[in-house]
Amino acid sequence: MQRVWGIEVGLSAYGALVFLYGLFALNTSYRWSLYAQVVFCVLPAAVAIVLPGGIGIMPANLFLVFFALRAFNLGGGRMLSESISIGKPGFWLFCTCVWGVVGAIVLPRVLAGSTLVFAVFDRSADPNTEGLLQPLRPASGNLSQSFYCLSDLVVFCCAYVFMKCKGAYDVLGKAVLALTALGVLAGLMDLGGHAAGIDVLSVVKTAQYAYNTNSELGGLLRIEGTFSEASAYAAFTLQLFAVCINLWLVGYRPKISGALAAATGVLLLISTSGSAYVGLSAYLLVLLASRPGRISAAAGARKAHMWLFMICAGVLAALYIMLFMPGVATALSNFVDATILSKADSASGVERSSFNTQAFTNFLDTYGIGVGLGSIRVSSFVMVVLASFGVPGTVFYVLFFIRTTLARIPPEYPGADRAVAYAARHGMYAALIVASISASVFDLGVSFYVLAAAAGGLTAHARRRAPVVARRSPVPVTDVQPEFAVERSQARDGQERRAFTRQSMPRRLPALPRGR
């Protein structure tokens, strides 16, 4: 433990690496900061620094300090505040976080004892009361979850500034591909280490979590990668799968993105996580209804070929197993029953169901106001938002998600930018789907809000560039060639813009005859 500003902190090797790289990133191109902030997300169980009370800060959260400083150097306070200004998607995230932090401080005190909750584990509480219903009261979770809520807002604002830089979307696309490759490598190392009887990933699992290393289900290893449990790794992998498969569909680095999409898809299928299977099934419905042809003309045909291949391969594999491998068919049937069909009747399924039921009861008992962020234990992101933030916070967050993911991506941007923004939206869809199944906290991770900034960034740029009033007919300009005198709303890349400057100038009116 070292004493910094009068506070004892413990700096690990990962923390030293983050500090050294952070100093390097502050003095180089913004690309290195964006790369690092995304790639550090592969280390969610490695402690970088330990604060008093045993609170561990992970590399991605620690590097956020340097990420914010670099964003301030790039855009200053004006650009950071622009990300949450009225009319931008970030404004609704700002409202959500303000309501959440204020509610975490005020609501558990104002509504103390008004409802019974499954409280978040508190070291200062009686350990005999853990897992039992208790009267609502302030808890340490209010402070920690408020910190993560504010850090999510900082991530979004800083990433918004980075997305303003030239070539930032291409940098983000390559960073996500690198993160996916590391995630796939971690999954393969977990499988190889289990076969060899060695826990090769223990070096990156230094946080004080409960690990289920080398656990099996149905004879298959539960892949954890660099995470503490299989469901967390599956949720992380599903988000990356959604990004990669959509990058492949729209033609962004198709060889790399296609290979990584296939690899993450296979890892999801053998992950033995019920959340992964349900989340993957739900996301495939979203993918089926998507329209990538708006981004790339060839995406529609590629999507049709992909679905045709997947359906044919699935049907042929099922027929082959049922006809020639009946033992495997029986084992698969038992496996599906254990991971999905009977999951709700298991001990963990009953516990999670009781958490969510009580959370909805808390929502009703507080008349839709909420009990405050970090006050309760739940097992669904939907119930986290509804029971903790109440109706106001839920409305704010829904508006943020809609403004970020459902707005039209303007066609005048470069193809790579539009491809990455489109794939980022699908990464958000996948993350929210799997979080709605099993997430217990509001924090969806650094990668989610970096993708959110990219998903809504092009829309924000387009609004800033668009004219306030569009003319319905061209204004004649005598010194401009006719082919350049076009409407602003019909302008495309490559057309002359000087005509627009002259169109905005007041025209000279003909002289009126003088009266006598």
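Here the Cβ of each residue, glycine as well, is placed from N, Cα and C on the backbone.
The following features are taken from TrEMBL:
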- 486-499: compositional bias 'Basic and acidic residues' (COMPBIAS)
- 486-516: region 'Disordered' (REGION)
- 12-30: transmembrane segment (TRANSMEM)
- 36-69: transmembrane segment (TRANSMEM)
- 90-111: transmembrane segment (TRANSMEM)
- 145-163: transmembrane segment (TRANSMEM)
- 175-196: transmembrane segment (TRANSMEM)
- 230-252: transmembrane segment (TRANSMEM)
- 259-286: transmembrane segment (TRANSMEM)
- 306-325: transmembrane segment (TRANSMEM)
- 381-402: transmembrane segment (TRANSMEM)
- 428-455: transmembrane segment (TRANSMEM)
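Using the rule of three or more Cβ pairs under 8 Å, pairs at least 6 apart in sequence, the transmembrane segment (259-286) is in contact with the transmembrane segment (175-196). Segment contact is absent for the transmembrane segment (175-196) and the transmembrane segment (145-163), given fewer than three CB pairs below 8 angstroms at sequence separation of 6 or more.
Sequence-remote contacts of a segment are chain residues at least 6 beyond its ends whose Cβ falls under 8 Å from one of its Cβ atoms, and for the transmembrane segment (306-325) they are 249, 288, 332.
Long-range contacts of the transmembrane segment (381-402) within the same chain: residues 89-90, 92-93, 95-96, 99-100, 103, 355-356, 359-360, 362-363, 366, 368-375, 428, 432, 435-436, 439-442, 444, each at least 6 residues beyond the stretch ends and with a Cβ under 8 Å from a Cβ of the stretch. Panel annotation: around the transmembrane segment (90-111), residues 83-84, 136-139, 142-143, 145-146, 149-150, 152-153, 156-157, 160, 366, 369-375, 388-390, 392-393, 396-397, 399-400, 403, 442, 452-453, 456 of the same chain, lying at least six beyond its termini, place a Cβ under 8 Å from a Cβ of the stretch.
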